[in-house]
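Annotation source Swiss-Prot lists compositional bias 'Basic and acidic residues' at 784-800. Sequence annotations record features per position, and here Swiss-Prot assigns domain 'C1q' to 821-949 based on sequence analysis. The O-linked glycosylation site annotation in Swiss-Prot covers Ser63, Thr67, Thr115 and rests on experimental evidence. The N-linked glycosylation site annotation in Swiss-Prot covers Asn205, Asn214, Asn249, Asn261, Asn350, Asn379, Asn439, Asn472, Asn727, Asn765, Asn845.
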Amino acid sequence: MILSLLFSLGGPLGWGLLGAWAQASSTSLSDLQSSRTPGVWKAEAEDTGKDPVGRNWCPYPMSKLVTLLALCKTEKFLIHSQQPCPQGAPDCQKVKVMYRMAHKPVYQVKQKVLTSLAWRCCPGYTGPNCEHHDSMAIPEPADPGDSHQEPQDGPVSFKPGHLAAVINEVEVQQEQQEHLLGDLQNDVHRVADSLPGLWKALPGNLTAAVMEANQTGHEFPDRSLEQVLLPHVDTFLQVHFSPIWRSFNQSLHSLTQAIRNLSLDVEANRQAISRVQDSAVARADFQELGAKFEAKVQENTQRVGQLRQDVEDRLHAQHFTLHRSISELQADVDTKLKRLHKAQEAPGTNGSLVLATPGAGARPEPDSLQARLGQLQRNLSELHMTTARREEELQYTLEDMRATLTRHVDEIKELYSESDETFDQISKVERQVEELQVNHTALRELRVILMEKSLIMEENKEEVERQLLELNLTLQHLQGGHADLIKYVKDCNCQKLYLDLDVIREGQRDATRALEETQVSLDERRQLDGSSLQALQNAVDAVSLAVDAHKAEGERARAATSRLRSQVQALDDEVGALKAAAAEARHEVRQLHSAFAALLEDALRHEAVLAALFGEEVLEEMSEQTPGPLPLSYEQIRVALQDAASGLQEQALGWDELAARVTALEQASEPPRPAEHLEPSHDAGREEAATTALAGLARELQSLSNDVKNVGRCCEAEAGAGAASLNASLHGLHNALFATQRSLEQHQRLFHSLFGNFQGLMEANVSLDLGKLQTMLSRKGKKQQKDLEAPRKRDKKEAEPLVDIRVTGPVPGALGAALWEAGSPVAFYASFSEGTAALQTVKFNTTYINIGSSYFPEHGYFRAPERGVYLFAVSVEFGPGPGTGQLVFGGHHRTPVCTTGQGSGSTATVFAMAELQKGERVWFELTQGSITKRSLSGTAFGGFLMFKT
């Protein structure tokens, strides 16, 4: 817009003024034509040295309005298609009808102005190559569409995320541009209003001069008035107006250069803005702002175009008026000269009078000529004064125009700097939008990652909860085993080992006493008879042999103990392997159970889908059809069952062998009988020996006594430790064998109960009911779990007969078993082991049974899913002092639970039966005292639906 405005004001205005002066005279403005080189475009100035004629070409902007079709939006519509009937069935009922969504484009008629640059002859030049100079030629008017600005295809669009500050700056810049445009229009109007006075004054002066010259025309018969006046006018114009127009042309040239540079920069900015617009997505508010801005720009463009058209019309009218005045003046002068010549040359009747008085007419000729020359001089002086006055006025006008042009140059520079700032701001906004897009993409990826992490955390949370539940069950089993072990240790009788050790010590003391008596008797016999020495020597040898025999027997006992220990370790390993095998078997059973449950759910879901697709009638027809054969033949099933039975028999034989080995080990683990005490013989003969032999014998006896004591201590320690570990291992092995044998018996009974009548099943040739099989296996597994937990719970809690609704004492875990046996659709059982003293609702957080998902452990209440009669039981272990609580039914009925124990605490249990509506809640509140914190807490809450109402 700025480029078109400045170009439309600068180019045609300068060329129009120069053309008007050039048409006034063909010879007087030659220096002006030579001085117009600085106002030509750069390309024209470069070709001046090569082709002198090329400088006569000038560029003219040409505009062309074109109409085009542009895609504005798309519309959706449905396409209906129908499958034709097959051949031979014209009235088929099952016709396949399809609908498909399609899109069609919607076009809009738009108009667009295409601007191009056309080269034409400069004002004052004609010809095919613009080589002829014609001062009378009327300059070709510029195309009326020059002031049109190429309309945008749409409103100005910015990238999303444009800041409000940038919008305010754009509005401020728009207001500044409108203000500058208004000033420029006022200046142009003022200049246009002052120019007609100058043009009107000049023809008036010329007309006055010509009229006075016509009065003296008959004085110069050989010279026309035009030849007399034109040199003077030419000289006057060259002297007074050439410097002014030269400086004016230089100013216009500099202004044109500045406008060209500014137009190039504005075009570059426009292209950059266009690229930003092409890569941006318009928003509603920015579209509205762009539409307003474009409307104002179009309005200003139209005003500038109208102003330019008015200026051109005025210049053209002035030029036409001047040309017509000069033509009329020339015609009038020619007419008068012709009349004068005719008057001088016409013959008359008074020719003699004229000839008679030539001297008398010739005498006043110098005086009249002198008077006429004086009059002409005065007229020229007045014309000079008038011209000087007009020149001063024109000088003032030109100074005003120069100041206006200077101000316009400053404003253009300011606009140029503002356009640079605007471009920088647009670039900054573009970078910010790109950063925002990158941040938005990163934020979206981070959101996706966080969602994935949250899902993973939920899965990990469920896995940890499941593992905690398994660890809790394992801990309960370990605590039960520990209690059983402590009970066994208390019942263990270790007095037999101590008696054996006392017997060994008595034997050692007897041996020592016998040695002392032998030494005394030897002393006595030595004095009495020397022959008794040989008998004593024999007795010592016998004692040595007995001691060696004791040592050998101790070594054999230690070897037997180590061998027994290794056998017990091997048995322990075998028991561990059997336990692992049993765990794997239980794991496989669980997997089969889950597979059966998944298959059952899939079958129910498929049945629902088939019912929705084909209808209940089609499903009933399909169910009434004869069932197809099984994928496996009954012979294969029979062979598989026989293999399973043989495997169970082999496993039973293996368990019998293992029991026999354990029995043998128990018999072998009994402590050996103590060796009989050997008395030395006193019947041997006596022999004499030296004193040195007796001293050596005494030392050997002392060392033998020490060795016997050491062996006794070692045997005592090893026998005690080995017996304790052996008893513990044997007890654990007995328990493991008993549990495994019972599990095998239960599996065998279950197997025979399920597949005992497989011959009848083969003869019936019907499919197995997987749902019934799954239900049977579930019930057997639950009974097995109840049987496994019964011994441990029997050791801890004992059931008491309920005389009243309110009783005291622990409650066994028979409630869950009763629920499993009854097959109630709604049942729950939960416990609370953390302990609390807050007077609020107790949240039983450990849930063992929750059939129907009606109990919410996070809130601690049960919500009835159906209307019916429910049975509830709550057992609370209160802390020291009195404790009180209440079982709340729907907020309107309360059943108290209290205890008055003053000791270390007591347990209170309450049973209640109530009819609940659907959605009513039941919970337990602590109103006084505290609840004891225990790992195996007796604080529990349970209930189930007895029947619906």
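Each Cβ is built from the backbone N, Cα and C atoms, and glycine gets one as well.
The structure, with features from Swiss-Prot marked on it.
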residue: Ser63; record: O-linked glycosylation site; DSSP class: strand
residue: Thr115; record: O-linked glycosylation site; DSSP class: strand
residue: Asn249; record: N-linked glycosylation site; DSSP class: helix
residue: Asn261; record: N-linked glycosylation site; DSSP class: helix
residue: Asn379; record: N-linked glycosylation site; DSSP class: helix
residue: Asn439; record: N-linked glycosylation site; DSSP class: helix
residue: Asn472; record: N-linked glycosylation site; DSSP class: helix
residue: Asn845; record: N-linked glycosylation site; DSSP class: coil
Exercise. Across the whole of the domain 'C1q' (821-949), what does the mean pLDDT come to? Round it, please.
Key: 84
Practice problem: Please name which of the glycosylation sites listed here, Thr115, Asn439, Asn472, Asn845, is nearest in space to Ser63 (O-linked glycosylation site), Cα against Cα. | Solution: Thr115
Self-check item: Between Thr115 (O-linked glycosylation site) and Asn379 (N-linked glycosylation site): CA-CA distance (Å)
Solution: 53
Quiz item: If you count Cβ atoms within 10 Å of the Cβ of Thr67 (O-linked glycosylation site), leaving out that atom itself, what do you get?
Solution: 8
Quiz item: Distance between Thr115 (O-linked glycosylation site) and Asn845 (N-linked glycosylation site) at the Cα atoms, whole Å?
Solution: 82
Exercise. Ten-angstrom check, please: count other Cβ atoms within 10 Å of the Cβ of Thr115 (O-linked glycosylation site), all chains counted.
Key: 16
Practice problem: Any same-chain residues 6+ apart from Asn439 (N-linked glycosylation site) with CB under 8 Å of its CB? Would you list them in sequence order, or say none? | Solution: none
Quiz item: When the Cα of Thr67 (O-linked glycosylation site) is compared with the Cα of each of the glycosylation sites Asn249, Asn261, Asn472, which one is closest?
Solution: Asn261
Quiz prompt | Under 8 Å by Cβ from Asn472 (N-linked glycosylation site), counting only residues of that chain that are 6 or more apart | solution = Thr846
Quiz item: Between Asn249 (N-linked glycosylation site) and Asn261 (N-linked glycosylation site), what is the CA-CA distance rounded to a whole number of Å?
Solution: 18
Quiz item: Around Asn845 (N-linked glycosylation site), which residues of its chain at least 6 apart sit with Cβ under 8 Å of its Cβ?
Solution: Ala830, Phe832, Glu834, Pro857, Glu858
Quiz item: So how many other Cβ atoms are close to Asn379 (N-linked glycosylation site), meaning within 10 Å of its Cβ?
Solution: 17
